[in-house]
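Some notes on the structure that comes next.
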Amino acid sequence: MSSPSGGEDSKDEKDEESNRLLPLSSSSQSQSLQSEDYSDEVAFEAREKIVIVDVEGPDSIDAVDYVRPFSWRKLWLFTGPGFLMSIAFLDPGNLEGDLQAGAIAGYSLLWLLLWATVMGLLIQMLSARVGVATGRHLAELCRDEYSNWARYILWFMAEVALIGADIQEVIGSAIAIQILSNGFLPLWAGVLITASDCFMFLFLENYGVRKLEGVFAVLIATMALSFAWMCGDTKPSGKELLKGILIPRLGSKTIRQAVGVVGCVIMPHNVFLHSALVQSRKIDPQNKARVQEALTYYSIESSVALFVSFMINLFVTTVFAKGFYGTPQASSIGLVNAGQYLEEKYGGGLFPILYIWGIGLLAAGQSSTITGTYAGQFIMGGFLNLRLKKWMRALITRSFAIIPTIIVAIIFNTSEASLDVLNEWLNVLQSMQIPFALIPLLTLVAKEQVMGVFKIGPVLERLAWTIAVLVILINGYLLIDFFISEVKGLLFGFLIGSGTVAYVSFIIYLVSRCGTSPSNGLSLELSGRITRNGN
């Protein structure tokens, strides 16, 4: 029989236990709500992420420092983000740079194309590193790293770069549609058709990341097959091709094309995109072995993807080097008339080369516009901390580019020369934005407070900065050369000069932030992110 005091003690213990559990329950509920709020901001929700299945026993799964042996199955599961990223190396703007380099410089710039791709690979691997190690993409990190005024400028610059790239991509698709319809559909109609890819993108997203990656695999394969077929039809010189890859050559008449080859490789929006795409796989950032494993597989996958993109760019360059180098048409060839020149030179084959070119160009344009929409979502959501549904972000992002593109298509519909000038302006516009993606990336990837043990070492940091400075200087040469030839009048010159002072001042500000510690908001956010992922 229990004594009364024993009953009271039992009751007190129960009350104490209830009081102890209630705060925890409340805390747990609050944490759950915070997690739900936070999920609106992440690149991919937990249910969308691909789970990396282990082929080993359960005993080794939770081992933090256990490094698993290489697995082809696991590489396949990680394959996807790198190929989506590689689309930016194959967009219509790059193809136009390839064909002009081939027509004007022949095979002599193939070595530069190779090394520019290698430089692009290093930058993209650093972008992936940031995304995997922190669990956040570059735009989100910039939001907390920089003050409000600076992040709004960075967001604006990223959007301008994205719009410039998207106009080129949409125009490229519209030209392809015009070619494939035998001129029946005008340029503006092709723009409207291309705009519908936004809805295809939204439709595919509902079926998972893997389905979307499958569609891109088909588009890349279409490009590879089309341009390889063209290369086979034109039969370029194998000896000259090897010399072009292995022996560096640069003439005074080909400097502009050389600058274009390097400038087209690193796309500002692509740096932001890759850091988000790698988060489509479920990786625990607290598990160092898992993070290192992901970085290894992503490095292999990105290398393969950019090798494929290099081969496609190589096919295009060699086709036009064989067909038009040293000819009167070399200096006037562009994206609009390239198909017609090819048909006049190599027509009469089993399948008209004009349509092969059109199919490859359409695949390049469609794939790059979809990745542009994807990048726009991450850039807008990351910098502005927007809590919008993905379909709403996609529509807003697509509208930013489609409206000016339709205007451009109507104005320049019948003028090939005007479209080429427009393309030069767009290249300059994107070149101007490169520092505003590279400098924040290199600042963050070298900070221990952000990256922890996965910060890059001093040797890799110096190499990355050397590449960044080289790319910025090359694009700076392009800007100076362009403005000297295009800027006319005192007032216009004064405006350009004032803009240049502001532009350089902001770059100096970004560089000055390299040695500073991240804001408290960034440190707290990263800590909270790791805690949530751990739970």
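Note that Cβ sites are derived from N, Cα and C of the backbone, with glycine treated the same way.
Values in this document were obtained by computation on a predicted structure and should not be read as measured data.
Pulled from TrEMBL:
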{"type": "COMPBIAS", "residues": "8-19", "note": "compositional bias 'Basic and acidic residues'"}
{"type": "COMPBIAS", "residues": "21-35", "note": "compositional bias 'Low complexity'"}
{"type": "REGION", "residues": "1-37", "note": "region 'Disordered'"}
{"type": "TRANSMEM", "residues": "110-132", "note": "transmembrane segment"}
{"type": "TRANSMEM", "residues": "153-179", "note": "transmembrane segment"}
{"type": "TRANSMEM", "residues": "185-204", "note": "transmembrane segment"}
{"type": "TRANSMEM", "residues": "211-230", "note": "transmembrane segment"}
{"type": "TRANSMEM", "residues": "304-325", "note": "transmembrane segment"}
{"type": "TRANSMEM", "residues": "346-364", "note": "transmembrane segment"}
{"type": "TRANSMEM", "residues": "395-412", "note": "transmembrane segment"}
{"type": "TRANSMEM", "residues": "432-451", "note": "transmembrane segment"}
{"type": "TRANSMEM", "residues": "463-484", "note": "transmembrane segment"}
{"type": "TRANSMEM", "residues": "490-511", "note": "transmembrane segment"}
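Sequence-distant contacts of the transmembrane segment (395-412) (same chain, at least 6 residues past either end, Cβ-Cβ under 8 Å): 159, 162-163, 166-167, 170-171, 174, 186-188, 190-192, 195, 198, 372-373, 376-377, 380, 388, 418-419, 422. Within the same chain, residues 170-171, 173-178, 211-212, 215, 365-366, 369-370, 373-374, 390-391, 394-395, 398, 402, 405-406, 409-410, 412-413 sit at least 6 positions outside the transmembrane segment (185-204) and bring their C-beta atoms closer than 8 Å to a C-beta of that stretch. Taking residue pairs at least 6 apart in sequence, the transmembrane segment (346-364) and the transmembrane segment (211-230) share three or more C-beta contacts under 8 angstroms. Within the chain, the transmembrane segment (153-179) has long-range Cβ neighbours (under 8 A, six or more residues past its boundaries) at 88, 91-93, 95-96, 139, 142, 146, 185-191, 193-195, 267-269, 272, 335-336, 339, 354-355, 357-359, 361-362, 364-366, 368-369, 372, 375-376, 379-380, 383-384, 397, 400-402, 404-405, 408-409, 419, 423, 426, 429-430, 432-433, 436-437, 440, 506. For the transmembrane segment (463-484), same-chain residues at least 6 beyond its ends with a Cβ under 8 Å from one of its own Cβ atoms are 119, 122-123, 126, 256, 259-260, 262-263, 266, 424, 427-428, 431-432, 434-435, 438-439, 442, 445, 456, 496.
Between the transmembrane segment (304-325) and the stretches 110-132, 346-364, 432-451, 490-511, Cβ pairs under 8 Å are most numerous for 110-132.
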